[in-house]
Amino acid sequence: MVKHQPLQVYERQLCLSCITGIYGCRWKRYQRSHDDTTKWELLWSLILLLTFCLLLVWFYFWWEAHNDYNEFNWFLYNRSGVWSDGTAPILATTAAGFTYVAFLMVLALCHIALGQQLNLHWLHKIGVTAALLTTIVGVISVNQTWRQEWDVIPISLQATGPFLHLGALAAVTALSWIVAGQVTRAERTSTFASVSILCALLGLYVMPLYITSPCIMEPADLKPRPDVIGQQGAPMLAPENTLWSFQRALQMNVTGLEADVTISVDGVPFLMHDRTLRRTTDVEKVFPDRRMDEASSFNWTDLQQLNAGQWFLQDDPFWTVRTLSQHETALIANQCVCSLEQLLRLASYHNSTVVFRLRRPPPEHPCYDSWINDTLQAVQQSGVPQSLVMWTPDEHRAQVRQQAPALIQTSVEKLSPQSLNQSGISRLLLRYNQASTEDIRHVNVTLYTVNEPWLYSVLWCSGVSSVSSEAPHILRKVPYPIWLMRPNGYCLIWVSADLISFVVVIGIFVFQKYRMSGMHSYNPEQIMLSATVRRSSRDISVMKEKLIFSEVRNGVGSAEELYADNDYDYYTNQGIGQ
């Protein structure tokens, strides 16, 4: 007679079931496998990793591009003719896609750590493919329409590089636990994994040699705080290019004001950023037949009839209207188009610098030839000291210097110091990604548009003398660079982090080797016998029947097939009785 050992009693593995179920829809024990992952599934794992890396860069790009969201929305407005916050859906979809792919990456790592076969479900494959293709389309679109914004990545790395390096070092050190487990189990992929983790660690150990940041410097070498110029006033708190916007900027202790100037049909320079009046005035209500006309085609009398504040309350371009008081809301609702002379009088009263970019009217405009003289006349009539005005148009500079020699000659194009001296230009007004360290050292440079504290801190450490900002109320709260680190201190942190990581990795491999060798010292049958629960024969029979019938109802033919599919041993002790 043959006596069979009672079936081993298995505990429910809820965590493992959730991991394999969510990743590959393998909820049952017999569906899981410790076999090697197929080449097809390895390919999908690589696609998942590629998608995660691409989304990580994409998410980081949009996170740091927050400084230029208004610029992006303005680009969209010029293409569509409708003002909307185009960054909101992009951020929402990017965050959702990154969270989803990162979650799948964590599940994949858990499969590797537990020795489970990778088998990504087809629904997840569709989701990963959609995330990958959407991100690629987004990258191509940005490269075609907003290519200059890619420069924000290397610039932002000057502020985040040291901290990203430490985070990456900690992450790769933690991943060595999984690699050490594969090596000790002597899996076929362990060689590739160990080589990859070794190369990654070596790269991270020496990466600080290539990390440069102006904020790694001696505090004694830090230059004075850069002056802040209110670009179009304080457009996050009040409608751009209005008197109230400039007054709000002056309340934030700015040292200068910046505006865009257009010439009206009767020769009055006024402030307007767009070529039309649709976005920032109620021209569609007052002059519905002329809503698409250029701003320079209106005379000053018509311009004074337009409201330049209601649009701000309706569109809420910076999501700040809810923070305004009733008094501020009433003032904004009654704002009108501002003339250059009004701005200059306000700046003169507060002894503030004024920089304006003058746009030449079209050839058919009555002031096409007299636009420089009309603007100079407005400057002289305002009574502002010429030493407070930064003159940017390149046309007729010699004539301008003769009529107003005290004006600060400023160029909006990047020129060499020799060209600047020959042209009598003393300052540059450039976008923040156009100026190099050499430009900052040898030329008086004002950089725009600087809204984020991290960017302001990097430029401060670089030695920039002034910046133009749409958010003077935010930069006002930055009395010192966000971080400043001595070179010796950073070197100490770098070496200490590398040594700690090296010691931890060695300790992980030693511990994994010790843990696995201890497990291998036992006979599998002894482990099974020692794990058997002492129960009465009746309890064991009932448990067998429940287990077998439960699995049969789920489509499993026999207990032997069940345990064979799950890499569990079905032990029997055979006794031969006569």
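Glycine is treated like the rest: Cβ placed from N, Cα and C.
Summarising the annotation, TrEMBL assigns transmembrane segment to 42-63, 90-114, 126-143, 163-180, 192-211, 492-511. The domain 'GP-PDE' feature in TrEMBL is assigned to 226-479.
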| note | Same-chain residues at least 6 beyond the ends of the transmembrane segment (192-211) with a Cβ under 8 Å from one of its Cβ atoms are 157, 161-162, 165, 168-169, 172-173, 175-176, 178-179, 182-183, 490-491, 494, 498, 501-502, 505
| Cβ contacts under 8 Å made by the transmembrane segment (126-143) with residues that lie 6+ beyond its boundaries | 44, 47-48, 50-51, 54-55, 58, 61, 90, 93-94, 97, 100-101, 104, 120, 149-150
| task | Could you tell me the mean pLDDT over the domain 'GP-PDE' (226-479), as a whole number? | result | 94
